[in-house]
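Copied over from TrEMBL:
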BINDING   B:111, B:151, B:156-162, B:186-189, B:194, B:217, B:274-275  ATP binding site
DOMAIN    B:115-304  domain 'ATP-grasp'
């Protein structure tokens, strides 16, 4: 017999998912083959994840009654986005375990606590300074050099909530531009490439690491992820270690991704951590068609208390996000050899909206 | 631009599925990543497919109003079982296209028409005789030899509706044993192994063939399918041709499987067709974890009017059905390296009930 924890879900159990977007949808699609049901909670009545889930609830994340009923109907709760309000977690906690847990959310919801956490576990980050007003920007430029990047501490994504500070004279404009919110001023890193490490970790501490993906953004939105990344084997090993160290220190259960800058090349190549996402991640979508088990399957397994699958990579893969009207190319993409299309079932095409992705696989070169 | 037919579904379109068992469930799970919704129609209020589909209807297959509303809500109708009543098809036909079409169902619903169809297209079958009464059995034994197998013409599956006829004196008992229904008496084939060919065919006649699977039954229920099959390359080629010829002659749109007996070995090896299943098939479940696109994805693509994926096989695979209490082994199976577990979400374990399957993959040996 296998040594499943007594708290593990049995087939027929239900995973609650906060958030009904594409990530929630792909979590639900991965739960299906494992015989697990999903109950998706989302304020948007037309959520893509609803259409592949056994149950759904349309309500706000602050709706006490709805959250209680939701939490009581499931065996465990997970989420597709890190900005779950603290009060939502408090309402759920008495009724169902939340995986990943509170620390993963608290650390990643606030850029300053994220930077402090990374420093504590010995992961290099960009030089930065805390900003509560314009004066902090002027002072912070001493630490970061100029130009620097001003980022809100909370609720930033896809380049939203950030602006470049040219010099001290630019402080007033910059602080106004991010809405005068608590922020951090950050050294601008002259990176060679961006990459990310995606780790799945189970409650008993088993951690599996996917091959490092190399990422390319357009207009601050991820456009391409490819494996293998164009980095030294030593750097890939370091990235994997950063991922595991992060997951362990968070006591993380489920998938977590760390975005990393790669600076320099060859013997001078080094990594600087940029951001932690305590959830399945866009740069891990390639795993759906290139490995023995996708990030979504391993997330479901971790959340359910099941053992993880060692994510051997079978192919070289390039994942392309279909953003806005990119999705209009679907008739070509469904006909393209070696291309695996993933569409999110979103009804309205809007510029900048992630509508789907395509994984292009080819035999491994290395 | 790709040359999709004007009748092809667009992302966001809806596939109606008659039948809410594991096959309907796996069709729906394959439609999700393609951005297609499913509406499942089934009399059983606790159907496994309901829990992964956007919509479902609980009603009998003869419920005129429910079928009309169902058909009007979808863009195309498919099915997970071949015994769809003719009247159900008639009720749906004015409102939505049915794929695969009427000929595929008519031929495969009746063992006699199936045998005649196979003979017409030049595919060998077992010697057989039509049986409408006991006298036909006695006469039929001249054709088939004894012992022979008596099978009802309609609604037989998993060994139900059949009995062995020892000799002429056994005719009365045998005819009573199958309920005195219209039947065929069939030569008992001394086969070396059983295999099957699974083909997907699109409306414009594109056909793709999966590698031939070798099947082992226990108590008349499929237990194991493995690829590659232990047959000569020439035999595999013949099986593929039988599959394509069958799909073409039926004007089939979607997946069709032909079960075949392999008689003899080496230079004497030959094939005898046993049965046509005009749908995704249990012996094709290995394709979920061993190929570029599963039988379910290619079925969805065909039904949606999309191009098919050439089903290159990446691995050697052995599929094991989890029947009845086999499923109690799930804690070991989720922990087994190289094993991909597929559970059907059925709540009650019953002897002989298909509860799930596991695909064990390993590197290709040939």
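Every residue gets a Cβ built from N, Cα and C, even glycine.
This view paints the features noted in TrEMBL onto the structure.
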residue	record	DSSP (3 states)
B:111	ATP binding site	helix
B:160	ATP binding site	coil
B:186	ATP binding site	strand
B:274	ATP binding site	strand
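The least crowded of the binding-site residues B:111, B:160, judged by other CB atoms within 10 A of its own CB, is B:160. Averaged across the domain 'ATP-grasp' (B:115-304), pLDDT for the predicted model comes to 95. Using a 10 Å radius centred on the Cβ of residue B:189 (ATP binding site) and all shown protein chains, the other Cβ atoms total 16. Sequence-distant contacts of residue B:274 (ATP binding site), defined by Cβ-Cβ distance under 8 angstroms and a gap of at least six in the same chain, are B:125, B:126, B:189, B:194, B:258, B:259, B:260, B:261. Within the same chain, residues at least 6 positions away in sequence whose Cβ sits under 8 Å from that of residue B:186 (ATP binding site) are B:126, B:127, B:128, B:144, B:148, B:149, B:150, B:151.
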